[in-house]
Amino acid sequence: MVRTRVLFCLFISFFATVQSSATLISTSCISQAALYQFGCSSKSKSCYCKNINWLGSVTACAYENSKSNKTLDSALMKLASQCSSIKVYTLEDMKNIYLNASNYLRAPEKSDKKTVVSQPLMANETAYHYYYEENYGIHLNLMRSQWCAWGLVFFWVAVLTAATILNILKRVFGKNIMANSVKKSLIYPSVYKDYNERTFYLWKRLPFNFTTRGKGLVVLIFVILTILSLSFGHNIKLPHPYDRPRWRRSMAFVSRRADLMAIALFPVVYLFGIRNNPFIPITGLSFSTFNFYHKWSAYVCFMLAVVHSIVMTASGVKRGVFQSLVRKFYFRWGIVATILMSIIIFQSEKVFRNRGYEIFLLIHKAMNIMFIIAMYYHCHTLGWMGWIWSMAGILCFDRFCRIVRIIMNGGLKTATLSTTDDSNVIKISVKKPKFFKYQVGAFAYMYFLSPKSAWFYSFQSHPFTVLSERHRDPNNPDQLTMYVKANKGITRVLLSKVLSAPNHTVDCKIFLEGPYGVTVPHIAKLKRNLVGVAAGLGVAAIYPHFVECLRLPSTDQLQHKFYWIVNDLSHLKWFENELQWLKEKSCEVSVIYTGSSVEDTNSDESTKGFDDKEESEITVECLNKRPDLKELVRSEIKLSELENNNITFYSCGPATFNDDFRNAVVQGIDSSLKIDVELEEESFTW
């Protein structure tokens, strides 16, 4: 196998070398032949391709300067390709042209530059080698540009490889090689204060979104790599036969490199932004992390496209040929593609998404399809079409996988929606599809189909965390359960329908697309204390992690705690069974009530179910304010250290809660700790 790979690599290298040499030979032969008068104007390709003396001269040049038969054949076919739009020449045709010309070849003379040549000429070796050296410089720059373009792609390959290794070490072998000091200073803290999911407003007007230092460092290295790749290796010897001023050649090189680097990022941008990203399961990185990298790859790609466009425009204006460039088909489509990209980037900002997500989604999808079409027409005469087809392929792959998931889940299904009088939480139950494989952290998208709702609601899909599985819920053994908090849009419409229905229960037709979020299964034995801290509906995301971990071996020797922070005790009604299950698994469960008062009927009814069961009693602590998360984290770390057990915190809740809890964990990690502290954060913010 190793020998086969080596031979394959050698073949590819040899083939690339042959093709590069053939391109240089054919281009240089054409350039030196252009010094002489063959009775054709400089722009009349049809005249040259039908002129037997010109064809004989360039084929003779290729024969004289090719060092191998393979290089010769490739060079002859490169020459033939120059005439493919006028007349199709086969390799045999080109060889016959040379054989005929070899009977009449003569050395070129000075008069041949002004007087029409009547027979084929031998190559002007001085001119040929001059053009070869200059063309080699252009070719070398092109190769460097391709290396730089691939370098950006392989940067992300390296990032994903590192994430995959860490994920497998952790979940399969139970090894966490990340030191506490690295987590405290790099992985967990935000770039700016404790802002991560929340939006920071400068002067209360300008919105800024910050990420963690770890993800920020990855993006910073990516940006620096891009700048460095764009900045080196643009020099060329002067005088140059095509662009004599240095500025013109330098601008051409910068434009070409920016162009190739931007195009190489197209598949990265599209792959990181789709739902069916194949790297999510193996790397363990969340959809929100890939979405962050998707945005920054798009930003960098856009800036490279802007550099390419500005340089091309400035060069055209300075040379006085801008008007003629605008009349060219590929140039106009390049302008269209740049405009489309700028619109996509601008309207994708969080401030616009939050104001009207439906409008954002419609524009984003339409513009992406239009962008692919624009890039096709921009590049189909220039080359590099593989990158363009990759975008279309990734987009089609994602749509195909979505349709397949819906079909595998049974197509049109009926979901039961229910709630209580005083709750804005909707419980969605749907029969578990045969091929739906549940795994902790899994979520699914739902399309709600209703002729009475706005038409665009049926085209929207909303992600919900899947809570239950077949062998966990004895009351609904074949049901998938999801909890949804009604905010605005379709969820608010659904809540209104449920509340107005008898018994607050209604059936709804849906398409179920999933599961997503499935990753490498947790195989290693559990040797850590687990502390889950959820706020509000975040309990639905944290609970499945405890279900998975509490079923693993060696849990009896460890201490696990589950905190649920609520501002409405009526929430306990719809999550009572799950909390009782945790108690049965020897997990300490505490409900922290942050509301202003519990002296009401609803509150009494909410807690009554827990007080009746003495053996499975759940603590309800009424703080009437937000808990001190820093103190909670410090106390749990201290207890784990006394037991000499590593500890993992699971957290999920609103953006403010997640940021506060993340900051609390950062503050709680101390360099003197002898145990490993880890944070697993689930987020509703993408």
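A Cβ is built for glycine as well, from the same backbone N, Cα and C atoms used for every other residue.
Swiss-Prot lists His308, His378 with the feature heme 2 binding site, giving experimental evidence as the kind of evidence. If you draw a 10 Å sphere around the CB of His308 (heme 2 binding site), it holds 22 other CB atoms from the protein chains shown.
Within 10 Å of the C-beta of Thr465 (FAD binding site) there are 24 other C-beta atoms, taking all protein chains into account. Feature annotation from Swiss-Prot assigns FAD binding site to His462, Pro463, Phe464, Thr465, Val466, Leu467, Ser468.
Per Swiss-Prot, the feature NADP(+) binding site maps to Gly514, Pro515, Tyr516, Gly517, Cys652, Gly653. In the three-state DSSP scheme, Gly514 (NADP(+) binding site) is classed as strand.
Annotation comment: Swiss-Prot describes 258-398 as domain 'Ferric oxidoreductase', evidence class sequence analysis. Across all of the domain 'Ferric oxidoreductase' (258-398), the predicted model scores a mean pLDDT of 91.
What Swiss-Prot lists as domain 'FAD-binding FR-type' is 399-522, and the listing cites sequence analysis.
Here Swiss-Prot flags 1-22 as signal peptide.
Look at Swiss-Prot and you will find 23-148 (among others) tagged as topological domain 'Extracellular'.
The topological domain 'Cytoplasmic' feature in Swiss-Prot is assigned to 170-215 (among others); the stated evidence is sequence analysis.
Here Swiss-Prot flags 237-259 (among others) as topological domain 'Extracellular'.
Only residues 6 or more beyond the boundaries of the topological domain 'Cytoplasmic' (281-296), in the same chain, are considered here, and those with a CB under 8 A from a CB of the stretch are 156, 160, 163-164, 166-167, 170-171, 211, 215, 218-219, 222-223, 269, 272-273, 275, 348, 516-520, 683, 685-686. Positions annotated as topological domain 'Cytoplasmic' by Swiss-Prot: 281-296 (among others).
If you look up Swiss-Prot, you'll see 318-328 (among others) marked as topological domain 'Extracellular', on the strength of sequence analysis.
If you look up Swiss-Prot, you'll see 350-358 (among others) marked as topological domain 'Cytoplasmic', on the strength of sequence analysis.
What Swiss-Prot records for 379-383 (among others) is topological domain 'Extracellular'.
Taken from Swiss-Prot, the feature topological domain 'Cytoplasmic' applies to 402-686 (among others), supported by sequence analysis.
Cα separation, Pro515 (NADP(+) binding site) to His378 (heme 2 binding site), rounded: 38 Å. In terms of DSSP secondary structure, the topological domain 'Extracellular' (23-148) contains 83 helix, 2 strand, 41 coil. Sequence-distant contacts of the topological domain 'Extracellular' (379-383) (same chain, at least 6 residues past either end, Cβ-Cβ under 8 Å): 263, 329-330. Within the chain carrying the topological domain 'Cytoplasmic' (350-358), a Cβ under 8 angstroms from the stretch's Cβ atoms is held by residues 199, 207, 209, 456, 460, 489, all 6 or more beyond its ends.
Long-range Cβ proximity for Gly653 (NADP(+) binding site), meaning a same-chain Cβ under 8 A and a gap of 6 or more residues, is found for Ala534, Ala535, Gly536, Leu537, Gly538, Ile565, Phe661.
Within 10 Å of its Cβ, the residue among the binding-site residues Gly514, Gly517 with the fewest other Cβ atoms is Gly517. Of all the binding-site residues given, namely Pro463, Pro515, the one with the smallest number of surrounding CB atoms inside 10 A is Pro463.
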